[in-house]
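Database features (TrEMBL):
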type	residues	note
SIGNAL	1-19	signal peptide
DOMAIN	25-137	domain 'Alpha glucuronidase N-terminal'
DOMAIN	141-459	domain 'Glycosyl hydrolase family 67 catalytic'
ACT_SITE	298	active site, proton donor
ACT_SITE	371	active site, proton acceptor
ACT_SITE	399	active site, proton acceptor
DOMAIN	460-685	domain 'Glycosyl hydrolase family 67 C-terminal'
Ligand code: BDP
């Protein structure tokens with residue numbers, strides 16, 4: 001009897017240990033299930049040798065052992081035997097290589113045969129480079145690539161590759177949909193959660209080299225001594241993985257924690273206060289990255305509060321961190337309630353300041369002129385500030401993209417922006433070339449994204465949120481990778497190399513971005529989400545605390561038509577683009593459907609490229625969005641026998657919510673816009689199951705992340 005119980009118990013434990021909860025992200029290191037391949041990998045690498053000892057080299061060794069033992073299902077020897085993998089920095093290896101690794105973060109992986117032995121060598125100019133090479137090799141094995149004959153020389157295109165956490169000190173995450181903050185400020189600096197190390201590993205594996213730990217709506221307390229001790233403890237965990245910490249600084253900190261009367265950037269005492277603060281920080285964290293600042297935006301304090309401008313503020317901080325090699329990232333996300341068109345403000349406020357920032361200042365610009373919508377034209381600031389390094393700000397947390405509930409693969413959105421041609425220096429002046437510093441020859445360059453990470457077991461709430469985090473890192477390293485390539489390698493590492501799984505999930509992912517555009521904001525509609533929470537549709541909303549938070553401000557539907565006229569007849573925001581770009585959008589007959597209602601107020605009868613009227617096209621697009629989600633569900637269902645039950649079921653349930661939400665969006669928007677168009681739904685159209693009034697009465701007071 002006792003025996004049976006014991007057996008049962010051990011069976012249960014065995015089952016538990018195989019549960020896939022998503023914690024291991026794309027670093028699962030599961031045994032290679034293709035025996036032929038497994039045999040060949042085992043032949044190519046029989047032992048590893050890590051040259052040198054340091055926290056980074058130790059991390060490399062640990063990762064190699066973990067990864068290779070798991071993938072090759074073996075106990076990899078750590079002294080050279082037959083076929084060996086050698087990891088170490090270039091000089092330590094004393095190799096006579098014709099080719100050198102590139103820069104401080106690049107790596108070289110090469111295969112060599114010498115005296116009948118096969119060597120795989122990972123080398124770089126720095127330990128961090130070797131770390132990146134290590135993760136690259138593990139990725140090759142995880143994605144079943146051949147490794148006998150390697151010759152890879154890779155380095156990142158963009159220098160600063162950052163996550164921006166919008167995490168508050170009480171662990172609430174603004175616009176966070178994956179639990180509370182992973183930073184446990186209360187137990188830091190004494191308690192070091194293993195999760196911090198796993199966070200560092202995951203980021204290093206995709207080349208992320210910096211993290212801003214706290215919300216841009218910053219609390220000055222983070223700059224006090226006890227909190228700086230906590231920040232220093234996190235920096236110690238992240239440092240071996242090549243990740244620097246940065247902090248969001250509150251501009252009025254000299255008043256709040258320094259007890260000064262002012263935070264005027266031209267005031268000597270204020271300047272000295274920041275200089276002393278910088279010194280204090282660098283004593284604790286010698287490789288501190290610098291400050292991220294949200295100033296004079298959405299009620300945050302800033303230099304304008306003292307009659308000064310953005311350069312006065314940024315340069316004062318830049319001077320404080322310059323002696324220590326720090327940088328200032330100054331955000332361009334500004335808009336004022338009295339402006340007729342929020343679209344224009346960042347450009348108007350920032351372009352006159354071009355050339356006036358210190359050279360350790362980057363201006364961080366959101367990808368679009370409004371705010372992380374499912375689709376935006378690119379911000380006209382890109383290409384309009386040649387003398388200032390501009391940093392990209394994307395958003396991984398899906399504030400306006402169905403949050404933690406909808407599956408939306410964002411790589412196509414990121415690529416659309418990076419590939420966009422600003423024509424700033426003639427054709428082929430892409431945003432990617434502005435961001436990597438090459439177009440205007442800047443020494444610094446950067447991409448940041450608002451993190452989607454929380455303390456949920458699978459990190460991002462929706463398992464597929466992991467793919468967006470992954471894609472950000474991979475694109476910041478090399479923006480020439482395609483969305484499809486990135487999806488493929490993410491699926492292979494996260495789920496399986498089985499072609500059925502890879503192809504079906506890839507189809508789901510690649511369709512998902514256009515789906516969200518269609519069921520939320522087709523044809524260039526934007527910002528028609530409910531005020532505050534930004535989750536569901538509320539196109540009728542007209543009573544927010546400021547007009548530019550109201551959907552009616554953006555869609556401008558009336559009896560004549562719908563859309564925001566940004567041509568010369570309207571706000572003339574189009575003027576902010578170069579003529580070649582302006583030309584693409586200026587005429588409602590030639591403007592692409594994707595951006596039509598971004599730039600034009602168009603009659604309901606307007607003839608679209610499809611031949612349909614605008615009204616019918618709108619109905620068609622909303623329906624297409626719903627249909628795509630049905631197709632995504634269908635594809636997922638067919639993978640049931642290929643995916644572990646935990647993750648399968650989770651995604652299945654979320655897709656069902658997404659489908660319900662897509663129908664909700666379609667019904668709400670069409671019923672509401674129909675009150676203006678007065679046109680019937682096209683024949684065979686699925687009729688809404690509720691009235692507009694029903695939808696308008698729904699309330700969401702506790703929607704997350706708000
Ligand atoms: C908006 C968010 C708000 C952020 C702000 C920002 O709704 O929570 O504080 O952007 O980027 O998208 O500063």
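The backbone N, Cα and C atoms fix where each Cβ goes, and this holds for glycine too.
Following the DSSP three-state reduction, the secondary structure of residue 371 (active site, proton acceptor) is coil. The Cβ neighbour count for residue 399 (active site, proton acceptor), using a 10 Å radius over every protein chain in view, is 24. The candidate set comprises the active-site residues 298, 371. Of these, 371 has the most other Cβ atoms within 10 Å. Across the domain 'Alpha glucuronidase N-terminal' (25-137), DSSP helix (H, G, I), strand (E, B) and coil residues number 43 helix, 27 strand, 43 coil. Distance noted between the C-alpha atoms of residue 399 (active site, proton acceptor) and residue 371 (active site, proton acceptor) is 9 Å. Residue 298 (active site, proton donor) and residue 371 (active site, proton acceptor) have their C-alpha atoms 13 Å apart, to the nearest angstrom.
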